[in-house]
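S.K.: Let me begin by handing over the structure; questions about it come next.
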Amino acid sequence: MGGGAYTVTKYNLGEKLSLLAGGALLVDYTLTVAVSISSGADAFIAAFPALYHHKVLIACLLVIIILILNLRGVTDSATVLSFPVYLFIFGMLILIGYGAFKVVTGQTTPEVHASIGTAVPGVTLFLLLRAFSSGASSLTGIEAISNAVMDFKDPAPKNAVKTLIAMGTILALMLVGIVGLSYWYGIVPKLQTTVLSQLAAHVFGQNVAFYFIQASTVCILILAANTGFTAFPLLAANMAQDKYMPHMFTVRGDRLGYSNSMIILGGIAIVLIMLFKGRTDSLIPLYATGVFIPFTLAQYGMVVKWVKERPKGWFFKLIANAIGGTITLVVFMIFLITKFSQVWPILIFLPLVVMGLLRIRTHYHNIAEELRTDNFFKAMRHVDKNLALIPVSSVSSIVDKSIAYAKMTSDHIIAVHVSFDEHQDQKMLEKWQARYPNIRLVMLHSQYRSVVKPLARFIDKIRSKAENDRFVITVIVPQFITNKTWQNLLHNQTGILLRWTLFYQKNCILAMIPLKLKK
C-alpha cells in the first residue's frame, strides 16, 4: 500500500483532506524525481564543468535511464540498491572526518568571519525564518520510511522505527558536518558547481577522493529519484482502487510493475526539468512546500486516531503527534510566507489536482449507477422489436454479408444509399431490386457530397420515430479490411467516420461487418 499520509488521512480526517494529502504526495513524488535528477546532474557537472551547458540534456537522459531500468524491473533488488547508500555514507564520513582533522590540526586557514554573537546588519526575523525553512527541506524524504512500513521484516513497526532513528542520526551528523566545514572554509553557492563539490575540493583537492565523492553523490541522488518511481505507482494504484484515479494505474506490465504510472511520472519529471532548466534552487521550494502538507495531515490524522481508539500509552503518542503536526504546519506557513514568489504555483496546482480526483470519482460513480442491471431492464421494458439499418455504397459481396447478418437479427431491414448524382440513382435502384427485391432501399441525395452527415441525420430521424413504435435501432456498418496497412490510405474510411459519429448517439446499437480482402 503506497502513500502512508493518504491512508492515515483517509481513515481519520475524511475524504477531502485525504485527497489533499494524496494529491500533495503525487506532486511530491514527481518533484522528488525532478529535484534528485537535477541535483545529480549538478554533481556530475561539478566534476566535469565543460558539460555545464548540457545540464538539461544530461538530466533528461538520467530520467530516461531510470525509467527504462524500472520498466525492466532491474531496480527491485535491495542488495544492489544498498551499495550506493553505503558508498555515499562512507564518502561523507571520510569527507567530514578528514576535514575536521585538518581543522583541528591547523592544516587549513579559516576564512575571516565575524565572531559568534556579533550583530550583523540586515539580518531580520524574516531572513532567519527563510533560512530555517530552507534548512527544514533537508528533512524531506523521511516519509519514504513511513510509506514503506509494509515492506519491513516483522516486527515491521519496530524495524521501521530503528531505521528512522538511524536515518535521523546520519542525517544530523552529515548536515552539521557539511554546514560546519562549509562555514570554516567560507564556501558559498556558485552557479556552475555545488557546495559539496567545493568542500571536497578544499578538503581533498582535485584528486581521486574528489571524484569518488562526486560519483557517490550522483549515485545516491539517482537512487533518491528511484524512490519516486517506487512510491508514485503504489500510491496511484491505491488511489485508483478507491476510484480517485484512472483504472489504468492499477494495470501491471510484463515485469509486474505499474508501467503506466512509471511512464507518466518520467514524462512529467522531464517536462519539469526542461521547464525549470534543471535549476535545483527553483524546484526545491515547490518540493519542500508540497511535502509538508501530507506531513501535517498525517500527524493530525494520528492525533484523531489516538483520541478515538485510546490504546495503552495513547496520551503520550497524541502529544508527540500534535507537536509534530504543529511543527510541520509552522514550517509550511514559513515556506509559504518567505518563499511565496517561488511556491505560489503549488497553491494553484494542488486544488486543481484535488478537483480532478473528485471528478474522476464522480465519473466512476455515475458509470456504476448507469450500468446497474435494473436500469437496463427498465430501459428495455418498452422495446420488443429491432430495426436494422445498413448504409450501402453499391451492390457488393460485403453488402450480401451485411444483409445476411441483418436477417438473423431482425425482420425489419432498411438499406440506405447516399448519392451525389441524381442520374445514377435509377441505375442503383435497378441493381438493388434485381439483387435484393425484398429489401427496402432509401436514397438520400447529398448536395455537398457529404456521406456521413446525411446518414447521421436520417438515422436520427428514424431513431426518434422507432422509439415511439417500441423499436431499437441496429446500424450495421459494412467495412472491408485491406491486406496491407498502407492500403488504408487509398480509401475514404467512411465506415470508420460513420461509426465515430454514431458512437455518441443514444439508443443506437452499432455493429461492424468486416470483410478481409485477400489481395
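Any Cβ shown, glycine's included, is placed from N, Cα and C.
Sharing the feature lines straight out of TrEMBL:
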type	residues	note
TRANSMEM	17-39	transmembrane segment
TRANSMEM	51-71	transmembrane segment
TRANSMEM	83-101	transmembrane segment
TRANSMEM	113-132	transmembrane segment
TRANSMEM	164-188	transmembrane segment
TRANSMEM	208-235	transmembrane segment
TRANSMEM	256-276	transmembrane segment
TRANSMEM	282-302	transmembrane segment
TRANSMEM	314-337	transmembrane segment
TRANSMEM	343-360	transmembrane segment
S.K.: Report, as numbers and ranges, every residue of the chain located at least six residues beyond the transmembrane segment (343-360) whose Cβ falls under 8 Å of a Cβ in that stretch; write 'none' if there are none.
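M.R.: Apart from its flanks, the transmembrane segment (343-360) reaches 16, 19-20, 22-24, 26-27, 239, 243-246, 285-286, 289-290, 293, 335-336.
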S.K.: Which range wins on Cβ pairs under 8 Å with the transmembrane segment (83-101): 17-39, 164-188, 256-276?
M.R.: 164-188
S.K.: State the residues, same chain only, that lie 6 or more residues beyond the ends of the transmembrane segment (282-302) and have a CB under 8 A from a CB inside it; answer 'none' if no residue qualifies.
M.R.: 3-6, 8-9, 11-13, 17-18, 20-21, 24-25, 27-28, 31-32, 34-35, 38, 133, 136-137, 140, 143, 146, 272, 276, 317, 321-322, 324-325, 328-329, 331-332, 335-336, 339, 342-343, 345-346, 350
S.K.: Would you kindly check 17-39, 51-71, 256-276, 314-337 and say which stretch has the most C-beta pairs under 8 angstroms to the transmembrane segment (208-235)?
M.R.: 17-39
S.K.: What same-chain residues lie close to the transmembrane segment (256-276): Cβ under 8 Å, and 6 or more beyond its ends?
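M.R.: Hits for the transmembrane segment (256-276): 29-31, 33-34, 37-38, 56, 59-60, 63-64, 66-67, 70-71, 73, 225, 228-229, 232-234, 236-237, 248-250, 282-283.
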